[in-house]
Every structure is written in C-alpha cells, then in structure tokens.
Amino acid sequence: MKYILVTGGVISGIGKGIIASSIGTILKSCGLRVTAIKIDPYINIDAGTFSPYEHGEVFVLNDGGEVDLDLGNYERFLDINLYKDNNITTGKIYQHVINKERHGDYLGKTVQVVPHITDAVQEWVMNQAKVPVDDDRKEPQICVIELGGTIGDIEGMPFVEAFRQFQFKAKRENFCNIHVSLVPQPNATGEQKTKPTQNSVRALRGLGLSPDLIVCRSAKPIEMAVKEKISMFCHVEPEQVIFIHDVSSTYRVPILLEEQGIIKYFKQRLNLPIDDQPSDLLMKWKKMADRYERLLKVCSIALVGKYTKLSDCYASVFKALEHSALAINHKLDLMYIDSTELERSTEVENSVKYHQAWHKLCKADGILVPGGFGIRGTEGKLQAISWARTKKKPFLGVCLGMQLAVVEFARNCLNWKDANSTEFDPDTKSPVVIDMPEHNPGDMGGTMRLGKRRTVFKTQNSILRKLYGDEMFVEERHRHRYEVNPELTHCFEEKGLKFVGHDTEGNRMEMIELENHPYFVGVQFHPEFSSRPMKPSPPYLGLLLAATGTLNAYLQRGCKLSPSESYSDLSDDSSPEKEFPKSETS
C-alpha cells in the first residue's frame, strides 16, 4: 500500500481537496486502484449537524455517512464509492479511544495523545485504506489522505504527529507528502510573494514532515523565477515545485498536474509500476476540459434556496447541473436566488430586491428547488414552484423541494388552503407532509433516513423511468426526516400529480411527476450525490434537457446523448447541432 498525504499551509480553502482528487485521478488513469481519506480536525463526530454556512454542504455516502464535501470531490473525480470511515474527525478518534479505555483495553494505563491517539489515527488509516471502493471490489493500491486545515493549527497537531511516526512505519518508498501552499500577489506591487510558502514549509519541517512536492496555488500563472526561489529556499528540486493557478474549471487541474511531470515523479518516488504516458482516461479528461471551455450555448437555471450566500452549500447540486449541461453541450448559467426575496414581506421591506429576484426567476430556462431544513424561506420556494407549475417552466424539486411541490399543489389545485408540512406547522389540519417517528428518536445527529435506498417505479409511463434507462428500480441516497403523507396520495393522483416511485414496501412516496407539463418532477432522494462528470444524474439531466427544449427528442432516441456514450471530443462531423435539435416547437 502506498500513502500520499496532502497537507496545507498559509490559509485553508485553497483547493487541497481538488488537488488531492486530481492526484487520485491521475494515478487511477495509470491503471492503479485509488482510495481517499479526509481528516477533519474538528471535534464533531461527523458533519451531519453542521449549518451549511459552517463547512458548506453535508455530503451523504451510500452507507449513510454524513461527511465533508471534499469526499464528494473524491467520489466524482475518481468514480468510487466511499464510506463514513473514510472521513476521520477528532471527535471520532477520541470517541474510539475513550470507548476502548472504558472497556479496559488499555489495562489501566494513562491514556494520552501520544501514543494512544496517534496510534488510533494510524490504525484507522491503515485499516480503511484496504477497504475496496471500486465496483470490482479489489483492494486499493494507493491511499490519498487529505489533512484538513493548515499546518500549525492546534487542532491538527495530533494528526501531524501521527503521520510523523507513520512515515517511518510505512517506509520511505511507500509514503509521500504533498504540501499545498498559497503564493499571494498583492495588487500594490503585482509581485508574487514566496515568503508565506517558505514559512509554511519551515513549520511543516519543524513538526517532523518534509514535503516531497510543493504545490503552489496562485491567481495567475507563476513565473519561473518564483519557482526557482521556492526551490532554493524550501530545499527541494525545481521539478518538485508544482504550480496550479486559477482555471476556468476544475477539470483542468489534473491536466496541469500531468503536464508538470507528476506521473514520472510518482513512478520514481513510490516505485509505481506505471507508464509515463497518460492513459485513455486522462485523455478523456483532457477532451472534457477542452469541450467545457469551447461551449457557446448557455442554459440558465434558477436555484431557489435559503443558503445562497455561500456556493459551497450547494456544491453537489452545482456539479450535477454542470455535468448535465456539459453532456448536452451547453454552458451552465446558475443563478442563485434567496427564496426569502421572493416573498411578499420582502416586497414591502425592500422592493428592489424583490423585483430583482423575480426578474432572475422569470428569465431562467429552468427552476430547481433543492433540499433544506426549517421554515425560513419556504413561502418564497412555494411561490417559485407555483410559478413553474402555472407557466409550464421546467422544474426539479429535490427532497424538501419535492415536499413543497406537494404542499403547493394541495393549496392551489386541491384547494386545501391550510395544507402544510408538520415540520413547519405541527397542528395543520391538512398534513400533506408528515414526520417519520422511527427516524427521529430525539438526538439530532445521524437520526434521519440516510444513505442508499431502493426506489421502485410504479408505472411504465414515467419520464423519470425513461431517464433512468427504463429500469424497474433505482438506488439513490437519502437524507430526510419527513415524507409525503401516504394516506392522501390518491387525492393528488386524481388531479394529475402522479407518484411514480415508492420505497420497496410501497409506503413512502419518492418520486412525483405532473401530467400535461414539459417537466415538473420531484424526488425525495438526493440524486446529485451520485452524479459523475461522465455519468450525469438522470433527474438533473432531464431538467437541463427540458430547459433547452430537447427532452422529447432525447426520449424518442432511446435516451442516448451522442454516438459515444462517454465524452468524446466533438469533431466537425459530430457537432452538437447534429446530435440535438435546436428546440422543440410547441
């Protein structure tokens, strides 16, 4: 087993996760089996109870693990399925050690950070690195480990010490450290500064780790003189200094790394049995990145949510939309709309914000209402859903978005004016959305219906079923405490809102479709968590197809995107116009 540790310096949030994912992608393209581990130094057991403004979205894994969004990057880049134990937190490690102490496993010894916490970290990493994450269920050959935060943070010290010890246990030829640092460029001088990187590397060495590669992040391409300066003052060879500047898409990052000889370096440093030349997989990434930058046609989607001030709150939703847009040769224009700004109260308090929000909603080609919790902003979401339904605008509701679509339909089509979810009004006389008591025992963390669950289609005549390849069932990831009231579904179906999918017992309603509408769809699960760059999520793909007026043609062709089922470079005789009609006339 080979281990690659990715650490960060200067500041957090400079792209360690994308760089770690890109390194994994390059190694996978060389024919190696790669897994990934993310270490978060916070004391929380997992990310399940975080506000989205704290760390961005909560990513859900197949086994129900609620984890850091970086694990979503690993899954998308590497096309693997990780587990909750691939996300290590300080809380998990301390809980593990304290439980062992309570069971008497330490035989009365004083339990300390060194050696007990550090040993637990090493043991966890070695055990989890062996767990298969590919469909072939074979043991991985390389484990990429990202240490969250920055070197010098007090929270991360036990983990740094654990890896200082681990590098000797694993042996030099099996352990490699990549340090990601920022090279700022102050506007006052325009000069790229290396001092923060020098100090960061010095701090790393002072803690017992020495970088094998220094990845320098910058806004603009870094000059060769800067590379030589970092090489000299950080005591590494020039080829061990890698530059990654801001690029138009994250698909370009693996290519930048490969162009700077990282495959050759890993082959020598870790004695890997690989070729120096990139494989077909990396060539597909190159073609995909080139295609992304050449797209001319634009599809605009309005995302109506309550956490719109931070784009990371909807990271997987954005990626799922981007994957689908790229698959149909369109550039995505995602417009974030704060749902509270669509409400009547905003018109009174700030009419400019109100009209700007509605202007964005009206000009969008499609509307998406994602998941969320709490009553704030729900009336604005209901307004957006009502507008999409009445104006026949393509709409996708995910989790809470589906539940609110049911509430809106009940109020305006069934004339149940007090219809609501018991999450927002426990005493409503028309509880069209109810809680699931078996998933709400009292504690907040880990008490929802989580992870991969099977959804069975009820009917052959379903757009979603066709988008999923006419399968009898699908397996997607869930994260919810509330469900549509199954006792009232017949009232909706009589008026044209069809429940086309349910759980294996037939009790929980998981998919809705509205009759006589181009695309009005809701799903109780989160399909964005399973979307991949080369395998876009079907519900999101359907939204983009409907928004560009090509859904019917796609369905009539048997749900085939192009002559090639994976991303092929578009040549002169394989243009998007030939593969998709420009629009459908109504």
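Positions of Cβ are set from backbone N, Cα and C atoms, glycine also.
Just so it is clear, the model here is predicted, and its values are computed rather than measured.
What Swiss-Prot records for 300-554 is domain 'Glutamine amidotransferase type-1'.
Annotated active site, for GATase activity per Swiss-Prot: C399 (among others), in sequence order. Within 10 Å of the C-beta atom of C399 (active site, for GATase activity) sit 21 other C-beta atoms, taking all shown protein chains into account.
Marked as active site, for GATase activity by Swiss-Prot: H526 (among others). Under the three-state DSSP scheme, H526 (active site, for GATase activity) falls in the coil class.
The active site, for GATase activity feature in Swiss-Prot is assigned to E528 (among others).
Residues annotated as region 'Disordered' in Swiss-Prot: 562-586.
Here Swiss-Prot flags 575-586 as compositional bias 'Basic and acidic residues'.
If you take the C-beta of E528 (active site, for GATase activity) and look for same-chain residues 6 or more apart in sequence within under 8 angstroms, you find S316, V317, K319, A320, V398, S537, Y540. Here the C-alpha separation of H526 (active site, for GATase activity) and C399 (active site, for GATase activity) works out to 7 Å. Here the Cβ of H526 (active site, for GATase activity) has 25 other Cβ atoms within 10 Å, regardless of which shown protein chain they belong to.
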